[in-house]
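One structure below.
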């Protein structure tokens with residue numbers, strides 16, 4: 001029936017009895033309007049006799065609005081997820097700058113190229129296999145087996161292309177962590193092999209365990225929760241940071257330290273990176289990207305908590321997650337600053353940057369389920385863990401140019417334990433609904449079940465990554481595909497493997513070689529000598 005034959009809404013609604021009819025405010029959230037259900041029969045009874053056509057007209061209009069708003073809600077959530085994916089991907093630039101500044105100038109091109117290849121190789125292998133192994137459900141608790149090559153995506157289970165892009169950015173972040181541990185001494189082919197294997201198989205299996213609704217330890221697997229709670233690793237202190245850190249640990253251990261890192265007596269010798277400026281730039285880029293890494297892990301934003309029309313919803317949890325992330329990183333940075341000052345007598349910007357990132361790695365697991373004050377505790381302990389791990393690495397003659405295994409592995413493990421101690425009941429039930437009486441943080445009165453689940457997570461991640469990446473690095477070592485020759489290492493991989501230096505610059509130990517501009521340390525002159533030339 002044509003539209004102009006229907007009475008106006010004002011005429012229809014005058015004199016009707018609405019005492020038994022539920023209405024919505026025009027200011028109600030979009031998500032509420034999008035789920036509105038209209039019954040023409042019920043509405044006709046309220047409007048009076050001879051009003052069936054009008055009732056159908058009103059319900060048709062409401063259904064149309066509901067559909068449009070539902071589409072808009074999907075669009076808003078997808079836009080939020082895509083924006084978060086772009087932020088997480090921007091962390092690759094941060095990794096590249098941080099790595100470049102942390103190595104000697106003669107290896108700058110090499111480490112930059114490995115960061116590019118982490119993204120490129122990771123993109124292909126995560127597309128072919130990784131996403132399917134991680135989220136290809138329905139599946140068993142160990143590994144997924146759908147969506148290979150993104151077949152059947154978008155799917156009715158809720159996965160769209162935006163989910164793939166976001167998860168790919170996480171996968172290559174794990175590979176980037178590993179590349180820092182084995183920098184300055186690793187053959188290029190080894191980078192390609194380990195990065196493809198890590199992003200295509202090792203990391204996806206771990207993310208399936210803890211993030212897929214089918215995973216055996218996932219907090220989203222409400223039908224079969226580990227210890228009645230599952231593992232709350234919201235954005236990946238274990239899934240991303242521990243995986244990358246433990247993989248890097250094995251790579252650096254099997255390769256051995258860089259030449260000159262320890263003298264003949266076993267004493268540590270600092271092989272400092274060539275640019276603190278690049279380290280700081282990379283740190284700020286990573287900080288910026290972490291606002292997609294942690295708050296973005298909600299994967300949506302347009303969901304109210306509790307009654308409709310409230311000012312409080314998932315958007316509030318997103319904001320709180322950004323705050324806890326910030327506070328943990330800031331606290332860790334300041335703690336590292338003063339801690340290293342006490343231990344070494346210096347205000348070292350590189351140490352502060354690493355401390356900041358250690359705080360971020362630690363808070364990543366519990367950022368959505370803890371109070372802001374608890375994030376300060378997390379950051380403080382993360383700095384202590386990082387300093388302690390570095391001391392232990394030095395004693396064991398373990399060489400990691402970027403402290404990646406200590407930072408991401410050590411601080412990531414602390415973050416998992418921290419979450420099990422400080423997760424609040426209210427936030428756990430909001431972020432992980434569907435299970436009443438779910439255990440929460442031990443120190444918050446929730447018992448020890450969550451802590452037990454998280455200790456199991458630490459053990460299985462160490463075991464899985466060691467059982468997969470350890471043998472891979474060992475085989476590469478035996479095949480002489482892992483470490484470069486001593487001559488190439490001394491000369492630098494930029495010259496021997498990549499055709500030239502990144503820029504005209506000299507490291508201190510290469511000062512005896514002619515025909516190149518060099519920068520030397522300026523020594524403060526005293527009154528009895530002439531200033532040195534620069």
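From the backbone N, Cα and C atoms, a Cβ is placed for every residue, glycine too.
Feature annotation from TrEMBL assigns domain 'Ammonium transporter AmtB-like' to 80-503. When pLDDT is averaged over the domain 'Ammonium transporter AmtB-like' (80-503), the result is 94.
Through the fold, the transmembrane segment (80-103) approaches residues 111-112, 114-116, 118-119, 162-163, 165-166, 169-170, 172-173, 176-177, 179-180, 183-184, 273-293, 295-297, 299-302, 350, 353, 401-402, 502 of its own chain, all at least 6 residues removed from its boundaries and within a Cβ separation under 8 Å. Per TrEMBL, transmembrane segment is recorded for 80-103 (among others).
Per TrEMBL, the feature transmembrane segment maps to 124-144 (among others).
TrEMBL lists 164-182 (among others) with the feature transmembrane segment. Within the same chain, residues 81-82, 84-85, 88-89, 91-92, 95, 98-99, 102, 111, 114-115, 118-119, 122-123, 126-127, 130-131, 134-135, 150, 153, 190-191, 194-195, 198-199, 203-204, 207, 236, 239-241, 243-245, 247-249, 251-252, 255, 293, 296, 299, 400-402, 404-405, 408, 469 sit at least 6 positions outside the transmembrane segment (164-182) and bring their C-beta atoms closer than 8 Å to a C-beta of that stretch.
Under 8 Å from some Cβ of the transmembrane segment (189-211) lie the Cβ atoms of residues 114, 117-118, 121-122, 124-126, 128-135, 139, 141-144, 167, 170-172, 174-175, 178-179, 182, 217-220, 231, 233, 236, 238-240, 243-244, 247, 251, 457, 460-461, 464-465, 468-469, 472-473, 476, 481-482, all in the same chain and six or more residues away from its ends. Per TrEMBL, transmembrane segment is recorded for 189-211 (among others).
With a cut-off of 8 Å between Cβ atoms, the residues of this chain six or more beyond the transmembrane segment (231-254) that come close are 170, 173-182, 186, 194, 198, 202-203, 206-207, 210-211, 217-219, 293-294, 297, 321, 361-369, 398-400, 404-413, 415-416, 419-420, 423, 428, 431-432, 450, 453-454, 456-458, 461-462, 465-466, 469-470, 473-474, 477, 482. For 231-254 (among others), the entry in TrEMBL reads transmembrane segment.
Sequence annotations record features per position, and here TrEMBL assigns transmembrane segment to 275-293 (among others). Distant neighbours of the transmembrane segment (275-293): 83-91, 93-102, 105, 170, 173, 235-236, 322, 325, 329, 349-350, 353, 356-357, 360, 364; these residues of the same chain sit at least 6 beyond its ends, with a Cβ under 8 Å from one of its Cβ atoms.
Residues or ranges marked as transmembrane segment in TrEMBL: 313-337 (among others). For the transmembrane segment (313-337), same-chain residues at least 6 beyond its ends with a Cβ under 8 Å from one of its own Cβ atoms are 29, 234, 287, 290-291, 294-295, 297-298, 300-305, 347, 351-360, 362-364, 366-368, 370-372, 374-376, 378-380, 382-384, 386-387, 427, 430-431.
The transmembrane segment annotation in TrEMBL covers 349-366 (among others).
What TrEMBL records for 372-393 (among others) is transmembrane segment.
The annotation transmembrane segment is assigned in TrEMBL to 405-423 (among others).
Here TrEMBL flags 454-476 (among others) as transmembrane segment.
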